[in-house]
Amino acid sequence: PSRRGGRWLPGLLVRLLLWGCPGTRASYLRRSSSCTAIPRGMALCYDIGYSEMRIPNLLEHETMPEVIQQSSSWLPLLARECHPDARIFLCSLFAPICLDRLIYPCRSLCETVKRSCAPVMACYGYPWPEILNCDKFPADHELCISAVSTDESSSSRRMPRASCKDCELEEASSAREILENLCANDFAVKIRILRKNTTTTVSDFDLDPSRVEVLKHGPLLRTEIPGRLQQWLDIDATCAHNIMRGTHAGVFVVSGEVQSDKVVVNKAYAWQKKNRNLHQAVRRWKHHRCPEQAA
């Protein structure tokens, strides 16, 4: 997860006012909670932008070992980059900021994070937990911790969604194996991917429209393939991140299937000189007959 949380803190402190949670739990926290340093071992929230937290926290964890243990289970979700505000939302509950007032996340922040992250959790068989039920949090007009990603017109369009399938660069043992893969998938394309930025939690990727070579279009029109692949880059940031492996640009042969209104990439190979099997397979593809064609 990103460690650049400090950028949102000044604006947060200006916006925040007390949200008075009704009930005995709120009064208990006011009486009995204490401030303590966020330990380095709490990877979820250490260096989030403030150094002290209240304990018990807003999820009723009363000891630091319990907080560390419970919070660490959310690190894999953040690694999936499901939403740029996921870390802020979780830390507002696991490590509430140590002011003289209790600060809760806004209901809209919870709903926005849930909308993008719950499908990712469902891929691995985990439902959105009841303890994070968004109805428990205050409405925006009550003033609370709101979303930091404010450019909804662009950020919502590029918000990652779950493909329920991890993708990594493939290492093919033979040209035949690659040809079999191309036959098995709906489409196959040689493309160039560019990383637009390295400064946000969720990286943006662009398809170079001048470097699109369609090997197999399947049920897609050739003209719609660039747009469909750009959509894939927009909504499956984790897959694109895994393929790019930290590089700023690269050429890849990708293949996959068409699922209603989107495409899903199943295989990706890096187009490099050392990958002779891939070069050989692409050369042979023009004259290759798949088993169903031969039949």
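Even glycines carry a Cβ here, placed using N, Cα and C.
Quantities reported herein were computed from a predicted structural model and do not represent experimental measurements.
Residues or ranges marked as signal peptide by TrEMBL: 1-26. Among the features that TrEMBL reports, domain 'FZ' is placed at 30-147. Annotation source TrEMBL lists disulfide bond at CYS45-CYS91, CYS110-CYS134. Taken from TrEMBL, the feature domain 'NTR' covers 164-290.
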Cβ neighbours of CYS134 (disulfide bond) where a neighbour is any other Cβ within 10 Å: 17
Mean per-residue pLDDT computed across the domain 'FZ' (30-147): 89
Cβ-Cβ neighbours of CYS91 (disulfide bond) (radius 10 Å): 27
